[in-house]
Amino acid sequence: MHPGNVWGGSLDAVDIDRAEAEEEEQRRRNMTDWDRGVNHSQRHELDETQQGWLLAPQDSWKKKKKRYVNLGCVSVSRTVFMWTVGSIAVLFIVVALPIIIVKSLPKHESTLPPSDNYTLAIHKAIKFFDAQKSGKLPKKNKVSWRGDSGLKDGFPDVVGGLVGGYYDGGSNGKFHFPMAFSMTMLSWSLIEYSHKYKAIDEYDHMRDVLKWGTDYLLLTFNNSATRLDHIYTQVGGGLRDSESPDDIYCWQRPEDMSYDRPVLSSTSAADLGAEVAAALSAASIVFTDKPDYAKKLKKGAETLYPFFRSKSRRRRYSDGQPTAQAFYNSTSMFDEFMWAGAWLYYATGNKTYIQFATTPSVPQTAKAFANRPELMVPSWNNKLPGAMLLMTRYRLFLNPGFPYENMLNRYHNATGVTMCAYLKQYNVFNRTSGGLLQLNMGKPRPLEYVAHASFLASLFADYLNSTGVPGWYCGPTFVEIHVLKEFAQSQIDYILGDNPLKMSYVVGFGKKFPRRVHHRAATIPNDKKRRSCREGLKYRDTKNPNPNNITGAMVGGPNKFDQFHDLRNNYNASEPTLSGNAGLVAALISLTSSGGQRIDKNTMFNSVPPLYPPSPPPPKAWKP
């Protein structure tokens, strides 16, 4: 043993190193076994999130390298490029693809719903007024065989002349009394059914027709004056047995007239003054969108009021006028007073006019409540049924109460009685075997009266329907409103061809209609050749059809046996009139389904002031 080795054992370096190595190896093994035990015991205690952290690849912690797409002139991010391409693809699918599909489908032209017979007939009936125009015709006039005419009417006796207006029927006379009534009826139909005219694209056309008439009526008196002393009643005319050149003796186109056309005037024409006032008042309601023109119309109507109200002028316009009496003889004036008073009130809102129209002496003098059948027939000569229905409207929709209620109630009741009289079961009027109501009561031209009655019946039904009233009483019997509509339809259907002859009495409507209408301009060829006063007679007397169809003209109509002879000389049956067509147009527009089954309740009353005083303003705020 070495003397310096106090611990004992060998001091050999090799042995010491081997021992230390073996000892270190033993410690490493022990540590490894411990780590394995720890890891094994904790591995099952890790949740999924922790496992994800531990097991995630180390690359995920590293920033990814961006990739680019080379587009030649520029390089863009691959992500931006993919988003752009995807957006374009989606836009194509959503927008472009449907358009391509639609464009590739077979094309079909859009069509309006099929028109009913009434709509088809209206298009024809309105054209009649274009054929009747006198004066300098507009370029857009729809009748190719008509031209300028009557350009010297009224000159030099009348300041400004009397150029324009409408020829009444088959002759070339201008009768202001039925012309004014016709314009009133057209205005009434436009006010109640403007939406229907618009639906069939005839609204502007109808307003042109109306304005052509009212422009002329403004010439028939001094509309710039404050008081009137006369009114012009007629231009032209003649007598049946005349042998001097005039509108009856001569058979000429109006474009060829060269004979003198006298102008008739009257200082006492209360009925005509009232009728012109009614026409201008009604038209002013139609033209409310043209305030200057509407104001002019109302001013003219109000200027006429003191003229026709004056007791010193209380005569009928046709008194002492043979050429007026022969064609349009007026038999009363108080029905026109009621008629004009109502229209003036609706146009202006001035209570003076409704007070006048409901003054008891006016309807009593007019025999409004006499219940006489002849006074229940509406026409250019009898305004009672129309006037009482017009004021029944006031009661139904506004119910003004005192002081008008008593008279308005009587007008309402009289209107109901008139409507009952039109119905078959009450046997007030005769009927033909084919179903045509004989309102003419032995006089010619039955269709004119039937057309106007059909309009009033249809309109009364619409009034009741608009107020939620299902009908009215005829004595103890309650009659539903559809009965009135069916009556109106039956009469208009007869006119349009549902009759024993299966013939339409409106020229140009249907396959069978009158071809030899009593009408000067329609019978003479439009060949630019002028015929003298008597040279046209050969065209009147020929059995050939007219060379020009006067489209839309409603002729006088059949006799009481449903017979009609298509002869030009039979003017009572084959001649159309302005007032007859006005009634036809009004009835047709009331019956057509185009535009819906309703009326315009409010336009008529736009100028009528509130019926009751406005509520007083609230008291001022109290101050201590």
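Each Cβ is built from the backbone N, Cα and C atoms, and glycine gets one as well.
Here TrEMBL flags H518, D566, E575 as active site. The compositional bias 'Pro residues' annotation in TrEMBL covers 610-624. Marked as domain 'Glycoside hydrolase family 9' by TrEMBL: 118-588. According to TrEMBL, the feature region 'Disordered' maps to 20-45, 605-624. Feature annotation from TrEMBL assigns transmembrane segment to 80-102.
Counting every protein chain shown, 17 other Cβ atoms lie within 10 Å of the Cβ of D566 (active site). Here H518 (active site) comes close to G169, G170, V555, R568, N569, N570, Y571, S574, E575: these same-chain residues lie at least six apart in sequence, with C-beta atoms under 8 angstroms from its C-beta. In the region 'Disordered' (605-624), the DSSP tally of helix, strand and coil residues is 1 helix, 0 strand, 19 coil.
Model confidence over the domain 'Glycoside hydrolase family 9' (118-588) stands at 97, taken as the mean pLDDT rounded to a whole number. Counted within 10 Å of its Cβ, the other Cβ atoms near E575 (active site) come to 21, all protein chains included.
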